[in-house]
Amino acid sequence: MFLYNLTLQRATGISFAIHGNFSGTKQQEIVVSRGKILELLRPDPNTGKVHTLLTVEVFGVIRSLMAFRLTGGTKDYIVVGSDSGRIVILEYQPSKNMFEKIHQETFGKSGCRRIVPGQFLAVDPKGRAVMISAIEKQKLVYILNRDAAARLTISSPLEAHKANTLVYHVVGVDVGFENPMFACLEMDYEEADNDPTGEAAANTQQTLTFYELDLGLNHVVRKYSEPLEEHGNFLITVPGGSDGPSGVLICSENYITYKNFGDQPDIRCPIPRRRNDLDDPERGMIFVCSATHKTKSMFFFLAQTEQGDIFKITLETDEDMVTEIRLKYFDTVPVAAAMCVLKTGFLFVASEFGNHYLYQIAHLGDDDEEPEFSSAMPLEEGDTFFFQPRPLKNLVLVDELDSLSPILFCQIADLANEDTPQLYVACGRGPRSSLRVLRHGLEVSETAVSELPGNPNAVWTVRRHIEDEFDAYIIVSFVNATLVLSIGETVEEVTDSGFLGTTPTLSCSLLGDDALVQVYPDGIRHIRADKRVNEWKTPGKKTIVKCAVNQRQVVIALTGGELVYFEMDPSGQLNEYTERKEMSADVVCMSLANVPPGEQRSRFLAVGLVDNTVRIISLDPSDCLQPLSMQALPAQPESLCIVEMGGTEKQDELGERGSIGFLYLNIGLQNGVLLRTVLDPVTGDLSDTRTRYLGSRPVKLFRVRMQGQEAVLAMSSRSWLSYSYQSRFHLTPLSYETLEFASGFASEQCPEGIVAISTNTLRILALEKLGAVFNQVAFPLQYTPRKFVIHPESNNLIIIETDHNAYTEATKAQRKQQMAEEMVEAAGEDERELAAEMAAAFLNENLPESIFGAPKAGSGQWASVIRVMNPIQGNTLDLVQLEQNEAAFSVAVCRFSNTGEDWYVLVGVAKDLILNPRSVAGGFVYTYKLVNNGEKLEFLHKTPVEEVPAAIAPFQGRVLIGVGKLLRVYDLGKKKLLRKCENKHIANYISGIQTIGHRVIVSDVQESFIWVRYKRNENQLIIFADDTYPRWVTTASLLDYDTVAGADKFGNICVVRLPPNTNDEVDEDPTGNKALRDRGLLNGASQKAEVIMNYHVGETVLSLQKTTLIPGGSESLVYTTLSGGIGILVPFTSHEDHDFFQHVEMHLRSEHPPLCGRDHLSFRSYYFPVKNVIDGDLCEQFNSMEPNKQKNVSEELDRTPPEVTKKLEDIRTRYAF
């Protein structure tokens, strides 16, 4: 079996975010890392929407990311620390829309190792040097400079190693133009390591160390080091030189401290805490991330605590000496992995879990009532400041980037009966968790819907003048009339536009600079800017059947297949070409391309005829109306559309932005198929046809604009958008009801919209999230969802949600009541009334936990609920709250053979589980009966067990439960579940159970798969085979009777198969006279499974399912990852295909090596050598290679570049999207 890996949705969790002017313009962009992906985002300063400019897979782990700019430069470069053992400097090239690798310097081994640098990066604020550090021992400094041609140069590395030293954080200190200096949080463990008593370990202190790079001596010195009182977790650089006092802020537990090199005294201030917080008061508070904003006259920091509260930190200075630190509560947003403050006044928050946000900073919070805390305020030792959290006041949310990270569980099923299955994804963490329903399609936002007096049959938009940015009129055609609407603040009917209103319209357009043309069945109406009208009437009894118009040309087809061609002359007159052309059959559809910039006319006309052909006809004056080429079609054409697509934007000498693309002829057929063929711009030949089935109705095509490029809207029983995005063609359905006719629409509120008609309504739509594969509906949950099952009869979901370090609702209410009583008791006689009021206000206050976070209860505290949910409406039908410290780990829905048709839900619960050091007071299996057609859970009984029941699976009318490392069969009893049989020989802990026939496949938490056979007659569970590798299995899926696919904690996927001669009729030989080796207790079972495939995904996979994703498609193995990625593994059906893709992969490995210097083959073989899998993500980078490299690779394969692209597209569309 050979598989091909494809990513459907890239990871959405963000681990790092940096900002800078990467494209060299004044506009700031954000570069984010999503594990093994680099992405460039640009927030639009006018609309506040975040657009993705570029996404690149780096096939390596991005461990650190920094932006830097050379002194006096205008462009920021990106330094990447990864697991490749190399430092890589990238530059964004806006003209090619790609990251270019400027430097790649090797310094160590590959992999994420303790002493190989790459974990921490620090840049001198003036861009003169960069320090790259490991977790332990090694630090390297590179000097950055320019050569004579102003290109970036990099020196050989200077070492600043110190053995037995752990590093916690590194930053560059802003010292102006003096020797660059770096500050590190370090800890020396040499004494602790050599001291057997453990005293030294308890006394080890963290130190703040300054390293100075002497530019004169080209050498790094350890300048100064001092021990710290508290344990710091990160450093913030304070602006220096002429901008500020220099130095660093150390964020540590409960305190923030300012330190500077020299005799400056330390200034420290406690981190304020929430008033009346339900958290454990003994728990320390730390800052987790920060952002700096610096202008010429001032600077401030925004730092976020682990509860999500942001504080604005300012420093008071007296002659460059810091005298106090001031903190002021700013706002609360979800806890971030990184924050960026942009010059345009935006705050980008890359959340640790869940969606990412872009906020507008509306106020700086200087003049509000919020109390300001200062290091100068007197406090008792151990006391702190208190503040009251509140909803957003200084920030305004302007955009939200959907993120599925972390996906904890996913099932694919068509519960909504839509033909195409939906993905039901349990994601998020704690109170920000959600169940999301993903459907393949683009999200459509409706900006306006208005009813029309009848059912129109067509709609167009036109501008008044060629220079206009926005459209002026919407023209709606009915069976016997035409309605003209003007576009302004509102849309109103106009009567003096010059259009003929008493007839239906076939087409209309802006002609020349400022004239309009209307084509109707009896003629052509040319309306000049001064409202003069010229008319051309059809001869005799003939009428116009079809037409095609653009800015300078009009072509009409009369009854009987006669073509008449008009072209505009320089004076603005429409002139008929002397000859007319008779076609051999009736004309069904026609299309003209837009006139290319700087040219007089479009050279080609495409005509579709009744005889199932499409013909290209020349409009060049030298051979006007002569046929150039023809293509036979499998069915009758319905509509045609010529567009220029796939171009990269370029600026010509005059600064005009044009794009160099290819001409494509899109052909919509009456049987619901869309064809896309390449139209040769010189000869007019048609080649390289791609086909896709869109739906059951004839396909109508419309040209629209998306992100400054032409795109095609195709309408069948569903509407689809064909567009080019990041050097790949996308054909994506719109998640919207059926439309009938459409046109591009541009107005101030909606610069790239679509106006469409559906029955008797006119709709204005916008598509914002281009490039998105799925649109999603999210239903909020209370705790982290762990697993869910689908009730087969009602299609309801039964979800178990469990959080560690959390309180149940009952405990929270109890704690609040207790605190309120304490408040009243603590008050004196005269303050009793006031205290009672405060206590009442405290009890009534309810800040949403999804923003303000849930109180942390401490380790060993668990909260769980069992939820029954309708997945289509998203409403909760039943909610069972478990008691404090009961944690639900497994769930199953099953029928028992002795109870008939009733459905039961079994939930495995652990009691008082402590994770480290591990201990558990036992567990229970709760049994519920599903009543009311699967909408309510009726509690039957709970069965005590001795360990955590981490896996439950229905089995032959009974149920299999993995209790710790015991595998048991239970049956339903009156008072509890009855144990029927057990097996004690599983190694560590059962994490999952799959069943097929008499076989049970058990996944062990660290010993891969174990095959067990249930013998009914002897009532025994007997192990008959296992795997040879230790795998830390997270999830598994059965592929057939002998084959299982599994994923492990380290990001690998494997497929394991039992050899054909495996015998599962083994005996546990009770007589004991068999050979010892057949008992196989020492090294597992006597029969071993074979590994069919191994593949390193690079992200922990938490769900696997064999399913089909598109109606009529083939089966594939779908996986979802912890970082929010969704991918599929598809089997090759022919040896030729496998051979072809193997060669594509081989050539791309050498021609297009990964961006961060990691070797592709060794990345995919991180833990196990990659076996029988071809990396489709690498193969698809063929599309973004430079044309000459594409040509080289395809010549090696004896193909042309379009043929290779077609193969890549075909394998994708056969299985997915």
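Glycine is treated like the rest: Cβ placed from N, Cα and C.
Summarising the environment of S156 (phosphoserine), the number of other Cβ atoms within 10 Å of its Cβ, over all protein chains shown, is 10. Marked as phosphoserine by Swiss-Prot on the basis of similarity to another entry: S156.
Residues or ranges marked as phosphothreonine in Swiss-Prot (evidence: similarity to another entry): T1200. Using a 10 Å radius centred on the Cβ of T1200 (phosphothreonine) and all shown protein chains, the other Cβ atoms total 15.
Residue counts for the region 'Interaction with PHF5A, SF3B1 and SF3B5' (105-119) under DSSP, helix first, then strand, then coil, are 0 helix, 2 strand, 13 coil. The region 'Interaction with PHF5A, SF3B1 and SF3B5' feature in Swiss-Prot is assigned to 105-119 (among others).
Look at Swiss-Prot and you will find 145-168 (among others) tagged as region 'Interaction with PHF5A, SF3B1 and SF3B5', backed by similarity to another entry. Residues 70, 77, 87, 89, 91, 102-103, 105, 107, 119-120, 128, 131, 133-139, 184-190, 193, 206, 211, 213, 218-220, 222, 232-234 of the same chain sit 6 or more residues outside the region 'Interaction with PHF5A, SF3B1 and SF3B5' (145-168) yet have a Cβ under 8 Å from a Cβ within it.
Same-chain residues lying 6+ beyond the ends of the region 'Interaction with SF3B1 and SF3B5' (193-231) with a Cβ under 8 Å from its Cβ atoms: 124, 128-129, 131, 139, 141, 143, 155, 158-160, 162, 164, 168, 173, 179-187, 248, 250, 252-255, 257, 259, 261. Residues or ranges marked as region 'Interaction with SF3B1 and SF3B5' by Swiss-Prot: 193-231 (among others).
The region 'Interaction with SF3B1 and SF3B5' annotation in Swiss-Prot covers 786-804 (among others) and rests on similarity to another entry. Counting only same-chain residues 6+ beyond the ends of the region 'Interaction with SF3B1 and SF3B5' (786-804), those with a CB under 8 A from a CB of the stretch are 408-409, 411, 413, 415, 424, 426, 430, 433, 435, 854, 859, 861-872, 877, 887-893, 903, 905, 907, 915, 930, 933-935, 937.
The region 'Interaction with SF3B1' annotation in Swiss-Prot covers 1028-1049, and the record cites similarity to another entry as its basis. Same-chain residues lying 6+ beyond the ends of the region 'Interaction with SF3B1' (1028-1049) with a Cβ under 8 Å from its Cβ atoms: 991-992, 994, 996-997, 999, 1001, 1003-1009, 1055-1058, 1060, 1062, 1088-1089, 1091-1092, 1097, 1100-1106, 1117, 1119, 1129, 1167-1168.
What Swiss-Prot lists as region 'Interaction with SF3B5' is 1100-1123. Per-residue pLDDT, averaged across the region 'Interaction with SF3B5' (1100-1123), gives 95.
Every protein chain considered, the tally of other Cβ atoms within 10 Å of the Cβ of G284 (site 'Interaction with SF3B5') stands at 13. According to DSSP, G284 (site 'Interaction with SF3B5') sits in a coil region rather than a helix or strand. What Swiss-Prot lists as site 'Interaction with SF3B5' is G284 (among others), and the listing cites similarity to another entry.
Feature annotation from Swiss-Prot assigns site 'Interaction with SF3B5' to E306 (among others). Taking a C-beta cut-off of under 8 angstroms and a sequence separation of 6 or more, E306 (site 'Interaction with SF3B5') has the following same-chain neighbours: M285, I286, F287, V288, V335.
Sequence annotations record features per position, and here Swiss-Prot assigns site 'Interaction with SF3B5' to E352 (among others). Take the CB of E352 (site 'Interaction with SF3B5') and look out to 10 A: across all protein chains shown you find 21 other CB atoms. E352 (site 'Interaction with SF3B5') falls within neither a helix nor a strand when secondary structure is assigned with DSSP, and so counts as coil.
When Cβ atoms from all protein chains are considered, those within 10 Å of R429 (site 'Interaction with SF3B5') total 18, not counting its own. Feature annotation from Swiss-Prot assigns site 'Interaction with SF3B5' to R429 (among others).
Residues annotated as site 'Interaction with SF3B5' in Swiss-Prot, with similarity to another entry given as evidence: N916 (among others). The Cβ neighbour count for N916 (site 'Interaction with SF3B5'), using a 10 Å radius over every protein chain in view, is 7.
Non-local contacts of N988 (site 'Interaction with SF3B1') by the CB criterion (under 8 A, 6+ apart in sequence, same chain) comprise K965, D1004, V1005, Q1006, E1007. In the three-state DSSP assignment, the secondary structure recorded for N988 (site 'Interaction with SF3B1') is coil. Here Swiss-Prot flags N988 (among others) as site 'Interaction with SF3B1', drawing on similarity to another entry.
The site 'Interaction with SF3B1' annotation in Swiss-Prot covers K1171 (among others), and the record cites similarity to another entry as its basis. According to DSSP, K1171 (site 'Interaction with SF3B1') is assigned to a strand segment. Long-range Cβ proximity for K1171 (site 'Interaction with SF3B1'), meaning a same-chain Cβ under 8 A and a gap of 6 or more residues, is found for V1091, I1092, M1093, N1094, Y1095.
Each residue contributes its Cα atom, and for E352 (site 'Interaction with SF3B5') and R429 (site 'Interaction with SF3B5') these two points are 10 Å apart. Nearest in space to G284 (site 'Interaction with SF3B5'), taking C-alpha to C-alpha distance over the recorded positions S156, R429, T1200, is R429. S156 (phosphoserine) and T1200 (phosphothreonine) have their C-alpha atoms 43 Å apart, to the nearest angstrom. You'll find the Cα of R429 (site 'Interaction with SF3B5') roughly 21 Å from the Cα of N916 (site 'Interaction with SF3B5').
Secondary structure of the region 'Interaction with PHF5A, SF3B1 and SF3B5' (145-168) per DSSP, as helix, strand and coil residue counts: 0 helix, 11 strand, 13 coil.
DSSP labels the residues of the region 'Interaction with SF3B1' (1028-1049) in these numbers: 0 helix, 12 strand, 10 coil. For the pair formed by N916 (site 'Interaction with SF3B5') and T1200 (phosphothreonine), distance between Cα atoms is given as 59 Å, rounded to the nearest Å.
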